[in-house]
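Inspection log for the structure reproduced underneath, given as structure tokens.
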Amino acid sequence: AMTEPSEIDQESIVANKEETENSNDLADTVHGEGEGLSGDEVNGEGKEKLSKKELKRRANMPKFIEYRKKKRAEEKQKKKDKRAAIKASGQGESLRKLKPKKMADSGCKMRLVIDMAFDDLMVEKDRRRCIAQLTFCYSVNRKAEQPTQYHIVGFGGPSRAIYDSNDTYVNWDVNLHREPLEEVIPREDVVYLTADSENVLTDLDDSKAYVIGGLVDHNAHKGVCFKKAEEKGWAHARLPIDEFVKMQSRRVLTVNHVFEIMVMYWQTKDWEKAFFTVIPQRKGASKKEEAPIEEKVDSVAKMEKEEDIVQDSHSGNMVNTTGENVVKVEEIS
């Protein structure tokens, strides 16, 4: 059974309570007065209680803002000095920025489409990362000599709310569609890009719409884009990465990497250049070269067995039974 606290215990409780209140009042005086914080804000009467770390951060905020202004002024002055030096050297023409072309004025009519119908497969953090990748795509397209026709479809879920919350996107030169892909692009025009496809993309067709799945899932939903393309009856293909690049990691690329590769290939018609310009070094990409010397020697040995190849003692060449040269020994040594 519970017993009533003794008179001594009651006095201890009252003393501890008064000590706690005094400590909080001291915290209000030290941290709150300098920042205009009320006791309610600190102690949480109907509001979130602030930690000591947060109080300290707020106290230091004016100093940080002042420091940031100073650094920005210094960086701005450095840029001015650099431009002045370039002009003094007679290279002022290189400072002129070309006005970006609008999609409507571009000679490229190929459509690059981001399918944003995968919101339900992403958590909030990954949705924000996906929106960031859309901004990288826009930057690449805006800087291109001939911008592609950039579309974002199925853009009506939580990711759209994130997008709309940023005023800087309002004047983008991009085609936004809340409707799903099948309501925006004719079925016969769609080529869905997916690493799981057996079809290899060898060239680009201006009459087609190449679709990239707008999904950031850290490879948790493998094959989802391929499955969707199959179910909808859309054509699908993969980039010819395996034909040009030896990867030390997964072949899966981000949305903006695929977008940039497509833009660069359209301009250069060179897959190898597009891959090695865009693919990050952390992927460990290297060019696919000829087979190692050991493999060549094994190949020649196999040819000797199958075609009765013998070595000419005078020329040093490998010849078959008809006397025709097959391969020089020097070429494999």
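Cβ coordinates are placed from backbone N, Cα and C, and glycine is handled just like the others.
Quick look at what TrEMBL lists:
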| type | residues | note |
| --- | --- | --- |
| REGION | 1-101 | region 'Disordered' |
| COMPBIAS | 1-10 | compositional bias 'Acidic residues' |
| COMPBIAS | 44-53 | compositional bias 'Basic and acidic residues' |
| DOMAIN | 94-286 | domain 'SAM-dependent MTase TRM10-type' |
| BINDING | L193, G213, C225, L239 | S-adenosyl-L-methionine binding site |
| ACT_SITE | D217 | active site, proton acceptor |
Number of other Cβ atoms within 10 Å of the Cβ of G213 (S-adenosyl-L-methionine binding site) across all protein chains: 23
Additional residues surrounding S-adenosyl-L-methionine, by Cβ distance to the L193, G213, C225, L239 centre under 8 Å: Y192, T194, A195, S197, V211, I212, H236, R238, V258
Confidence summary for the domain 'SAM-dependent MTase TRM10-type' (94-286), mean pLDDT rounded: 91
The residue listed as 'active site, proton acceptor' and L239 (S-adenosyl-L-methionine binding site), distance between Cα atoms, whole Å: 20
Maximum Cα-Cα separation (Å), residues L193, G213, C225, L239 listed as binding S-adenosyl-L-methionine: 14
Listed in sequence order, residues with CB under 8 A of D217 (active site, proton acceptor) and six or more positions away: F118, L121, M122, D126, V224
L239 (S-adenosyl-L-methionine binding site), number of other Cβ atoms within 10 Å: 24
